[in-house]
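Trainee: Just dropping this structure here.
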C-alpha cells in the first residue's frame, strides 16, 4: 500500500500546472511553421513574455474552449478559419480585444464588427479549384475554368470535395454557391457536381492533398493550401472560378476569462501589424494579409484578380442558417456513399 | 521439536455451498489432538472441501469451526495455526529449498538466524539435510514431497493438513513416504488430517478414518472397525474388496443372524438389528473354491490369475460374479472349470440393502 | 490491524494540518508549505473562514478517538468505517458544490456567497486526506464483516474502484448525460427516437444502394476485422508452434511492428501503394491494362489497414493459447487413431476456444475504436469513431449526437463482451496443470500447413513492403513525386547544432515529453492492470462481474469522447488537471489498463493456485503472497504489460489531441498536425524515429525484466 502511495507521489511531482504572470498560452490553428515563426518573432520583441504555443485545428480548439468555459487555460487563439471564431464569439467564449482595426482591409474590419470586436480578421483565403495536371493530361480532360464546368460528365469520378457537415471549408463552398446562385439553384448545381464526386471527405484539406498525389483529378478547397502543395513540387494547378468565389477570413480571438489578458492583447496587436503579416510568405503561408499596408507575396492568389463575392459572414455564420443549409444539403445533394 | 500443543478440530453443523451446489451437508465431526485422521472417499465426496475449510482457504456457509478450542470460523488461512501439504507440493519454484522451508518463518518475521536454523532442523527431520541450496526443480518427486512436509511442520502447526500428498509418487515410493509421514507425525505428536481416495493408504496411516460420500460422512471409525463392521454396502465395498449379494434375514439371536442365500441357510455375525431383505458382505479371502460336488454356491471360473503366493479368480454364480482370492496350493483351477464356492460364515457380514 | 488504521489516520491528520489543502499556482504537488504561507493548510483555512473544510478534519479526529474509545473490535471497525465514509462523502460534496464557476451539483438550488466565491482545486493536502480516509474505510471494512476480508485485498479493491470511479466514470458521465439532455432537464423521450434512428441502425445497404447506418457499418467492419485478424493470428501462431518454418525470427519482428506504429502511417503507406496513383496500382494497371481505381478508399481500404494493424494483437493472444494446448491431449487423440486433421479439428481447435474468443473480442473492440484508419481511408464509409469525432469537432458541433453515438458504440462492445462470455460458458479449458508435460505437439497436416502459409505469408510480405516504404519515404524529398535522397526531414525534426550542442530540431520537445510521460505511465498502468487482474483471478468479492466490465469500459470508449470528457471533468475544481502532464499520464493509465488486466488474467491463470494457497496457509498475508510469490513468477506478464502500455501511450492519438498543451505536447499530436499540413516527409521521419525508439525500449525492457530469470537459470546449471 505504501508503495502505491510513493509511486503516485512520484508521478505527481513530475507535473506542474498553472500559468505564471508573464506567460501567454496560445493555441495556433494555422500551419505549424507559421505558428513557430510568429512565436519566435513575438518573443524576440517581448522577452518578458513566455509564449506557450500548441497547434490544434479549429474544430478541436472550439471543442476545447467550450469544455473549458468558465475556467479557460487558453489565453489567445490565433489563426484558423473564421467561422469557429465567430461561433465562439456568438457563444460568449471570447472577449473583445480592443485592438485598433483602422489599418485593416474591409473584410477584416467587417468580421470585427459582426463579432463586436471579439474576432478580428488576420488573413483571407479564397476558395478555388485545383487539378492535377498529369492526371488531366493523361486522360485528355480539359481543365475546368468555372464552377459550372465541374457539372460536366467529363469529370465523372474525378472530383473530390469535403463534406460540409464535418468540414468548415466545405461549408464555405456551400455558402458561396448559395450566395452566387441563390439557394435553390445552388442545390441543383451542387447535386449535379455531386454526380462527378468520387468522395466527400471528412476533412477540408484532404481533397487538395489527394489531388496533389493524383488520388483524384480535381479538388475544391482553399487556394492558399493548394499553393503550399504546389510549392512543395506536386503537379497542381490552381483555378479561380470564373463565376466568382467566396473566401474565408482567418481570425484571432482572446478567450473570455483569459488569465493573461494583457499579454493576449499584446499578441493581437502584434498579429495585426503590417510588418508581421508581411513575413508570412517566408514560411510558405500564402494567404492574403488583412493589414492594408502589408506586402503580398507574388505566389499568393491575387485577390484583386479574383472575382470575390461580397461574402455575408453575419448571415452564413449564424447557426440558424447553417443548420437549414446543411439539412437541405443532406436531403438534396447528400452523400451517396458508394459501397 | 514442537512446543505448540497439538490442537483438536471440531466442526459443528458446517455447511458449504457454492451457489446452488451443496459441497457439504451439515457436517459434525471431532478430531482429537495428536491423532492422524484420514478423510477418505470417492472424488467429489467433499473431503477436499472439508480439508480446505479447516485450512481457512474456504469459508463455511453455515456452522462453526473450532481449532484447538478456539473459534476460527471467520479467520482466514493466514491467521490459523494450520499448515498444509499440497497435492502438487506447491513449492515456490523461484526459491531454494531452504527459502521454501523458511518461508513461513520469514513472513512471520522470525529472526533470520533462527529461521535458518529451524529450516535446517526441518530438512534434517525429513532426511534432506544439505539440500538447502538446491532449487525444487533439482529434486526428485519424493524429495520435493518431503520438502513440502518440512515446510509445513517447521511452523509447528496445531494441525497439519495433507491433501493427497502421495498421489504424484510411484507405488513403491508411496509406501515409503507414507511410513515416514506417519513416523514424523507420531514422533512430534501432531494432529494431522490426511485426504486420500486410496483406501489402502488410508488404512495404513490412520488412527481414524472418516469415510465421506455425497457431501456427508458415511462412517467414522478405526481402520479395523470400518473393515470388520461396515455400516453400509458403500463402506463395505469401499474399504477393502467385497462381494455383495442380496439375502434374506430370517431372525437375529445373540448377535448371530440366520440368513438365506441362494437357497442355503447360513449363520452370520450381525452387529446391528436387521430383518428381511439385506445384503451379505463376502470378503474375497473368506471364500474358498472347492470341487463342484462340494456344498456351496455352484459356478464357473471365468478368469484366473496367478500372482505368485496367491490366486485371483472371478467366478460366475447365480448370486452374481464373485471375486475370490486363495493361497496357491496344489493344482490351481483354470478358466472354464466348474467349481463350488464355500462361504466362511464367521467372516461374512451383513449390511442393510 | 488497529495500527494500520492509526497509521493512515496519522497521515491524514498530518496532511490536514501541515500540507496546503488546495492547489496553488505552482501546482498540486507544491509542498513548500513551511517557507510559504502556512495559512494554506486545511487546518488554517478552516480557522480562516473556510468552514466547509472542517468536517473532513473532524472525521479524522473522530476516527482517531474511536480507536481508543471503543473496545469491541467489530463495533469499533463499523463506527470507524461510517466515520471515514462520511468524511469522504463530505469532501466530495463540498468539492463539487463550492466551485467558482458554479456548483457542479444541484446548480439550480444552491446559491450563495460561499459558492460564488469558490475555491481552488484540491491539492496535496486534500489528496492525501482523501487517500487516508479511503484506506481507513477499507481496512475497517475488512474487520467489520464476517472476516472474509484481508485488509490488503479490500484496500486494493477500494483504491481501484475509487480510481476507476474518478477517472473513468466521473468524466465519461459528463458526456454521456448529454444524450439525455433537453433544455434544463433530462428526458428519455428525446433520446430514444434519436438513438434508434436509421442514421445509426439503418439496414438500407442490404436492400438498395443507399448506405447503412453508421453503427451497422461499424459492426460489419468490426466483425470482419475480428474474424480476419483472428484467422491471420491463428495462422501465424500455428506456423510458430507447429511448423519448422525457417524465418520465424523475421516473422516475429513483423508481428511487432504494427503495434509500435503511430496511427495514420499505415493508412498513408497504403494510399501510396494501393491508391489510385499508388505504386502497386500503377504497376498492375500497366501490366494488365486495367483502369486505375479508387478501391482502397472505403470499406476495403479500412478493412485492409485494420488487418495490417491488429493482426499482431490476435497473434499475441493466440500464441500463448496455441502453445498451451497440452501435447498429451493431442497425443491421446492420435493414439485413438485420429489423423492429424481430425486431431486439430476436434481436439486442438476446441481447446483454443478461449484464445480465439479473446482474440476476436480484442480485434472487434480495436476495430470499433479505431480512428486513424477510417479517417484516412474511410471516404464515404462512415463509422462510429469518426462520426463521433466530427460530431465534436466538426463544422456543426453536436455533443448530444456524439453522446448518442458513443452509447451506440458502448452497446456494441457490451454485447460482444456478453456474447463472448456466453459462448465460452463455464467449460474448463485448462490445459496447464503445473505438472511438466513432455511430449510433442502434433505437427500440422500438409493441407493445413499450406493454408497457414497462404494466409500468413502475403500478410508478412505486405507488412515488409509497407515498412520498407516508410523508411524509404523518410529519406526522399517528396514521397510519391520527387525521390531524390535527402536527410532534410530528419534534420528538421531532430537536428542538433553540433557547435553549441543545442537541439535545433522541431520534434525534440514533443519527443522528450512523449518519452517521459510514457515512461511514467507504463509502470503505473502495469501496476493498476495487474492488481486488477489479481483481484479478478484470485479473489472472490461482491460485484466482481460489474467490476470486471467497468475496467474494460475505458478501452471501449472512443478516445475523442475520453479526451473531451476529461476536459469537462478535470478543468474545474475539485480536481483540476488540464494543462498538466498528470492528466496525460492518467488518461494513458486508465485507457490502457484493460490490456494489463487481460494480460495479467491470462498469466495469473497459468500460475497454479496452490502456490498462493501454500503461501497463505504458511501464514503469509495477501500482500506478502503477492510480493514474494506471485510477482517474481509473473516476469513475462509484467514485461508484456509494461511494453504494451508504454507503446500505447506513445502511439495513441485521439484522446490526446484535446489534452496536450504547450508545455506537454505529444509526438502523435505533433505528427497529426504535420500530416494536416501535408508535410508527409517530416511526419514519416518522426514516425520512423518513434518506431526505432520503441523497438529499443522493448529490447531494453526485455533485458531488464528478463535478466532475473536468466540468473536463475545460470544458478541451476552451476549447482547441477
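Backbone N, Cα and C define each Cβ position, glycine as well.
OK, TrEMBL features for this one:
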DOMAIN    C:215-420  domain 'ABC transmembrane type-1'
DOMAIN    C:511-701  domain 'ABC transmembrane type-1'
TRANSMEM  C:50-70  transmembrane segment
TRANSMEM  C:79-99  transmembrane segment
TRANSMEM  C:119-139  transmembrane segment
TRANSMEM  C:151-177  transmembrane segment
TRANSMEM  C:219-241  transmembrane segment
TRANSMEM  C:253-275  transmembrane segment
TRANSMEM  C:295-319  transmembrane segment
TRANSMEM  C:402-419  transmembrane segment
TRANSMEM  C:451-476  transmembrane segment
TRANSMEM  C:511-537  transmembrane segment
TRANSMEM  C:637-660  transmembrane segment
TRANSMEM  C:680-705  transmembrane segment
Trainee: At least three Cβ pairs under 8 Å linking the transmembrane segment (C:219-241) and the transmembrane segment (C:295-319), pairs spaced 6 or more in sequence?
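Mentor: Contact criterion met.
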Trainee: Is it true that the transmembrane segment (C:295-319) and the transmembrane segment (C:451-476) have 3 or more Cβ pairs under 8 Å, skipping pairs fewer than 6 apart in sequence?
Mentor: yes
Trainee: As a test: from C:50-70, C:79-99, C:402-419, C:451-476, pick the stretch that has the greatest number of Cβ pairs under 8 Å with the transmembrane segment (C:151-177).
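Mentor: Out of the listed stretches, C:402-419 contacts the transmembrane segment (C:151-177) most.
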Trainee: Any contact between the transmembrane segment (C:451-476) and the transmembrane segment (C:79-99)? By contact I mean 3+ C-beta pairs closer than 8 Å, pairs at least 6 apart along the chain.
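Mentor: Answer no: the transmembrane segment (C:451-476) and the transmembrane segment (C:79-99) share fewer than 3 Cβ pairs below 8 Å.
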Trainee: Should anything in the same chain at least six residues away from the transmembrane segment (C:119-139) have a Cβ under 8 Å from its Cβ atoms, list it; otherwise answer none.
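Mentor: Answer is 1, 4-5, 8-9, 11-12, 15-16, 18-24, 28-31, 41-42, 50, 56, 59-60, 63, 80-81, 84-85, 87-88, 91, 95, 98-100, 151, 154-155, 157-159, 162, 572-577.
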Trainee: By Cβ distance under 8 Å, which residues at least 6 away from the ends of the transmembrane segment (C:402-419) in the same chain are close to it?
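Mentor: Contacts of the transmembrane segment (C:402-419) (Cβ under 8 Å, skipping residues fewer than 6 from its ends): 175-179, 191, 194-195, 200-201, 214-215, 218-219, 222, 361, 364-365, 368-369, 384-385, 387-388, 391-392, 549, 552-553, 556-558, 560-561, 564.
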Trainee: How about long-range neighbours of the transmembrane segment (C:50-70): same chain, 6 or more residues beyond its ends, C-beta under 8 Å?
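Mentor: Counting only partners 6 or more residues beyond its ends, the transmembrane segment (C:50-70) has Cβ contacts under 8 Å with 2, 5-6, 9, 12-13, 16, 21, 42-43, 76, 79-80, 83-84, 86-87, 90-91, 94, 98, 114, 119, 129, 132-133, 136.
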Trainee: Same chain only, please: residues at least 6 beyond the ends of the transmembrane segment (C:253-275) with a C-beta under 8 Å from a C-beta of the stretch. Say none if there are none.
Mentor: 236, 281, 294-297, 301, 304-305, 308-313, 315-316, 371-373, 375-377, 460, 463-467, 469-470, 473, 479-480, 644, 647, 650-653, 667-668, 671-672, 675, 680, 683-684, 687, 690-691, 694-695, 698
